[in-house]
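**Q** One structure coming up, written as structure tokens, with questions to follow.
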Amino acid sequence: MTALSARMLTRSRSLGPGAGPRGCREEPGPLRRREAAAEARKSHSPVKRPRKAQRLRVAYEGSDSEKGEGAEPLKVPVWEPQDWQQQLVNIRAMRNKKDAPVDHLGTEHCYDSSAPPKVRRYQVLLSLMLSSQTKDQVTAGAMQRLRARGLTVDSILQTDDATLGKLIYPVGFWRSKVKYIKQTSAILQQHYGGDIPASVAELVALPGVGPKMAHLAMAVAWGTVSGIAVDTHVHRIANRLRWTKKATKSPEETRAALEEWLPRELWHEINGLLVGFGQQTCLPVHPRCHACLNQALCPAAQGL
């Protein structure tokens with residue numbers, strides 16, 4: 001055997017089976033075998049797909065050609081009470097006579113309609129300040145006594161506290177209200193020229209004026225619907241009818257909950273409607289469920 005043949009034979013043996021003139025595959029070594037096994041395991045492991053981002057559907061006003069850029073998204077309520085529309089129809093039917101105290105003695109009926117606009121607005125605000133924790137009949141009586149003396153910012157500031165107290169008694173918390181009325185009247189004279197503020201934020205900054213009063217003042221005095229005026233009647237009835245997504249503990253919580261779903265065109269009506277309903281039918285104690293058209297629709301009817 002020649003030296004060349006010997007070298008070829010030795011090289012062929014070192015390459016192993018499959019070597020030769022066409023032999024270009026080597027038997028995989030230990031490292032290659034481990035890599036191949038790892039690749040095989042990867043190929044059989046579950047593939048993790050990237051999560052798809054959730055898409056929110058938004059409705060737009062206008063025609064199809066107007067959808068997209070520049071279109072304003074519609075606000076669609078995510079929750080509303082069950083049967084609320086039928087309940088509202090029934091309450092309107094029960095209130096169609098408009099013979100509750102609020103219908104004749106409420107804020108809309110306490111001011112002098114012949115007085116100048118500025119004076120009318122002041123009288124509206126004053127009647128609201130007196131109405132807190134007070135029946136409509138008592139508030140109306142106090143307003144009549146005040147108007148008989150000429151109810152203006154100047155006349156109130158010229159009236160001593162003792163006399164003012166006698167005029168507004170027996171409204172609830174009359175002593176505190178004497179102080180608040182005097183303080184608020186002084187602010188109106190100094191900063192608003194005897195008129196009342198035209199915004200909720202400025203109204204609630206006045207002594208003795210809360211959110212319910214502010215929203216009613218905006219509606220009655222300025223003709224602007226700024227929010228739902230929620231008193232104890234509206235608060236109680238909204239919770240009994242489950243008109244709030246969860247039970248609320250205060251009128252302000254109730255206002256925020258109602259404004260989330262109740263159509264804005266109903267915001268002003270709902271106060272007088274529910275106040276009268278609460279005065280006549282849905283009473284705080286011993287409500288007259290047997291006479292209520294919503295007895296079968298009211299979640300609280302069975303437990304009262």
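Just so you know, glycine gets a Cβ as well, placed from its N, Cα and C.
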**Q** By the record in Swiss-Prot, which of S12, S65 is the one labelled phosphoserine?
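**A** According to Swiss-Prot, the phosphoserine annotation belongs to S65.
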**Q** Tell me which residue from S14, S63 Swiss-Prot records as phosphoserine.
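**A** Out of S14, S63, Swiss-Prot attaches the phosphoserine annotation to S63.
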**Q** Short question: which residues 6 or more past the ends of the domain 'HhH' (191-215) have a Cβ under 8 Å from it?
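**A** Sequence-distant neighbours of the domain 'HhH' (191-215): 118, 121-122, 124-125, 128-129, 131-132, 152-154, 176-177, 179-181, 183-184, 221-222, 224, 226-231, 251-252, 255.
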**Q** In whole Å, note down how far the CA of D231 (site 'Important for catalytic activity') lies from the CA of C282 ([4Fe-4S] cluster binding site).
**A** 14
**Q** Report, in whole Å, the straight Cα-to-Cα distance of D231 (site 'Important for catalytic activity') from C289 ([4Fe-4S] cluster binding site).
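**A** For C289 ([4Fe-4S] cluster binding site) versus D231 (site 'Important for catalytic activity'), the Cα atoms are 21 Å apart.
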**Q** Which whole-number value in Å describes the distance between the Cα atoms of D231 (site 'Important for catalytic activity') and C298 ([4Fe-4S] cluster binding site)?
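**A** Pair distance, Cα basis, whole Å: 20 Å.
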**Q** Sort out for me which one of C282, C289, C292, C298 has the most neighbouring CB atoms within 10 A, since those are the binding-site residues we care about.
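**A** Result of the Cβ crowding comparison: C282.
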**Q** When DSSP states are grouped into helix, strand and coil, how many residues of the domain 'HhH' (191-215) land in each?
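**A** For that range the per-state counts are 11 helix, 0 strand, 14 coil.
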**Q** Could you please provide the mean pLDDT value for the domain 'HhH' (191-215)?
**A** 99
